[in-house]
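Asker: Have a look at this one before I ask anything.
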Ligand SMILES: *Cc1c(COP(=O)(O)O)cnc(C)c1O
């Protein structure tokens, strides 16, 4: 839930990465996204080493949509992970930051011609194809640019992971992938094998996010292996790569118990041994963690700006950020934990609703948070905001987006500057229409 390097002094002052929240707020202002560099690197290394230990050696790809900026791309490269992108913008960021194109996996149920062209000409490592029309389009564009498009087919294995409806993707009624329930996945395979400018390397399935069990990951690998066996019998095709997606859950509060990566890896390895035909090499396994790399490494620091108690005695504590920097509570009832800085253990407790500053009643960060009683001007940290916060941020209400700062052993490294009011207006143009009345 809290970053690995979290410490709290007897006076209640909190530090991350060896820097006090007070110092971070003074230097960078609030709201502020803070990332604990050591937490990120440790998790990347765990994934990299766990997959590397498989036979044959697997790979981890960081799913950039959880959190991406130039510096993060550089960290992914330093740690030897591959990188997942889901749009031209993420791909552009990766390429501009110098990430090797062949280590990039290009996802997304929509890829425009412009995006496919960028991927093809840059030499992206795998295109994860999501529809028959995309397969045709990719073949046509690859022919035009005299390329061979490396492809994984996205399969929908029909696995119903227990998570929020909006972040389930492996069940049959999903907008993602080719379902195994009917013959659509077989049609995709037929088309892929017949497409001259497409090289089919294997299969991909991502079954959802914030999954707190082990079995769905193993069932996913087994479903892909059974599909592979069918195509081996039918056409002699055997995958070189099985990409089993991301989705491993994290601790948003004390009640969450995430699955153990090493157990997943061992059980997937056993499935590979059991389901690979005797004369063949098991495919290389790729896992694509996003949330489980960055969520718990991150915190958002706010300043308490207002307090009120409404009829019935409920207390609201309002901070200088909210749904613009963290849409997840409003979008899918996400739970978070928070802590007030600078409160000794014997300071009075309270239960309060941590509210944002945006003009929506739904802009509530935490309903019924247990806090040391805050006062206007206090700093509040909301934990585990490293994933799907900055990457989903907006300028709703024309509130500029916060800065992102990484911390490590007493040093702060500014990864993304705070937006300004000028930035918010930067693309605006003055009115051209001269009419004061509209001709009706
Ligand atoms: C979002 C996504 C991931 C990462 O999911 P997490 O829950 O953040 O680990 C991996 N693969 C694909 C295809 C995704 O869309």
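Cβ coordinates are placed from backbone N, Cα and C, and glycine is handled just like the others.
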Asker: Among 336, 358, 388, which residue does TrEMBL annotate as binding pyridoxal 5'-phosphate at the site that also has 247, 288, 289, 290, 291?
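Answerer: Looking through 336, 358, 388, the residue TrEMBL assigns to the pyridoxal 5'-phosphate site is 388.
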Asker: If you count other Cβ atoms within 10 Å of each one's Cβ, which of the binding-site residues 288, 360 has the most?
Answerer: 288
Asker: Select the closest residue to residue 388 (pyridoxal 5'-phosphate binding site) from the following recorded positions, measuring between CA atoms: 332, 359, 360.
Answerer: 332
Asker: Mind giving me a neighbour count for residue 388 (pyridoxal 5'-phosphate binding site)? Other Cβ atoms within 10 Å of its Cβ, every protein chain shown.
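Answerer: Step by step: centre on the Cβ of residue 388 (pyridoxal 5'-phosphate binding site), count other Cβ atoms within 10 Å, giving 25.
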Asker: In terms of Cα spacing, which of the recorded positions 65, 359, 360 are within 10 angstroms of residue 291 (pyridoxal 5'-phosphate binding site)?
Answerer: 65
Asker: List those of the binding-site residues 288, 289, 290, 291, 332 whose Cβ lies under 6 Å from any atom of ligand 1, in sequence order, or write none if there are none.
Answerer: 288, 289, 290, 291
Asker: Determine the mean pLDDT over the domain 'Orn/DAP/Arg decarboxylase 2 N-terminal' (38-295), rounding to the nearest whole number.
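Answerer: Mean pLDDT for the domain 'Orn/DAP/Arg decarboxylase 2 N-terminal' (38-295): 95.
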